[in-house]
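Q: According to Swiss-Prot:
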ACT_SITE  2  active site, nucleophile
ACT_SITE  595  active site, for Fru-6P isomerization activity
DOMAIN    2-217  domain 'Glutamine amidotransferase type-2'
DOMAIN    283-422  domain 'SIS 1'
DOMAIN    452-590  domain 'SIS 2'
């Protein structure tokens, strides 16, 4: 949600900011703006809409070597040019961009801004106005910035520009990601590494409640007590080409096609020199010794967690629960004596999940994070981390991260089962290899998936997904993909729940996509298909080879049934993609959605 870019150096800041913001589009936004400084003053450009709209509004003749930029996802105040960042102080001396939520902005307004008329509806403007009030009362900019930060309650990543000192950008963070990229006679600030790869791949991570003074020659990190902090730098394991679409029309399609490669990479990552699956011993021991596992996640990661729970309970024989992070924070269940918490987050920055992590760490419990981003907040704050190694996922709708999460959870469960002396009953390495081949075969059948999307989903307003057992969990993910990018009201249901209310929604022509990959419930789901067909539904059955029937719309390659979610989801991803495409929707950047949800 939202994104920040800042630059100070010798190059054209305007172009670096715009290109950086383009790399942050995947995070979700509804407006954008930049502020650049030169000898003529500070020039602010803001627009509601896409970065392309902002680029068109920027004066191409303005040259600058310093500036800050922002993509906004509205939390306080409607999406508009007025509420877009950057925001300026009353005198125009200070310009500021901010990600996060300032929870006490109303109180700050009452206490410090009696004589200031706010121009926007945002919490952000309050921050820059308070900074100016402190400067008006005699403090220098750095001290005014520090004093203001000490007043703030909530989450923030902030970049501040003082027009009387155009050689410095002031930066701070708390509960919202922010990096400082290091260069030769320049430095950059960004919400994530993708925005800075155009100029550097070396960066330092900021910790909560730290402030930074950034010039073209130096980066000075301090805590809010004013004490200097030392920090090692990292090299981003990304190349600029990793975040390009290449020949693909959309990132989502590219990322769907990358799933076979990701599967093979995961197998290689978690194999030892003898070809045996392996994870660090302290992690498998932590799971094996737990009396209950609590999986915490949101959205797609939650759906992956539902599948992972089955692996952990069925293979490792460890009781497991799956909880939506935002609900767990406020309704924590009665915990077991020796729990292990597993947090699943593609970005590693999900605010709801982090809030739970903070809670359980205070209680003294151990936590494991599954994430795609090394060095992310969740990976730093958890006791253990398992990386997905899926590569950058740019499209807002997650695809390859979902299957990577399931694969890593399967490996975790299998290794834990072995450490507990439990027999898996099959060779997981071999079966995951078969999965990779099946994924490849499915990705080669896009024409068939497009035909299904046209036939069932081009004009409908509603769609239902039904399944039983593991298929039900995949139906939840399939329905989420469809609603995310096509805006069709799609819902996933357990087949057995149809008769308890849902079947009342079935009418002539209602699309019902049914998964049939589990032999022990095959007759039951077939009965559910007959139920909805009798009431006028238009059924689309996707079955596993060996379980197919004559009227099935599509048959999946044969794979181990317990791993079927890794392949059955791919047709659902492709069907959602083509449904959105033919309905004229923005596939990679659906309305109102953010890739990385960094506010609660």
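Just so you know, glycine gets a Cβ as well, placed from its N, Cα and C.
From a predicted model like this one, the values you see are computed outputs, not experimental measurements.
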Q: Could you give me three numbers for the domain 'SIS 1' (283-422), the DSSP helix, strand and coil residue counts?
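A: Secondary-structure composition of the domain 'SIS 1' (283-422): 66 helix, 28 strand, 46 coil.
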Q: Run through the Cβ atoms and count how many others sit within 10 Å of the one on the residue listed as 'active site, nucleophile'.
A: 27
Q: Across the domain 'SIS 2' (452-590), what does the pLDDT come to on average, as a whole number?
A: 96
Q: Going by DSSP, is residue 2 (active site, nucleophile) sitting in a helix, a strand, or coil?
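A: The three-state answer is coil.
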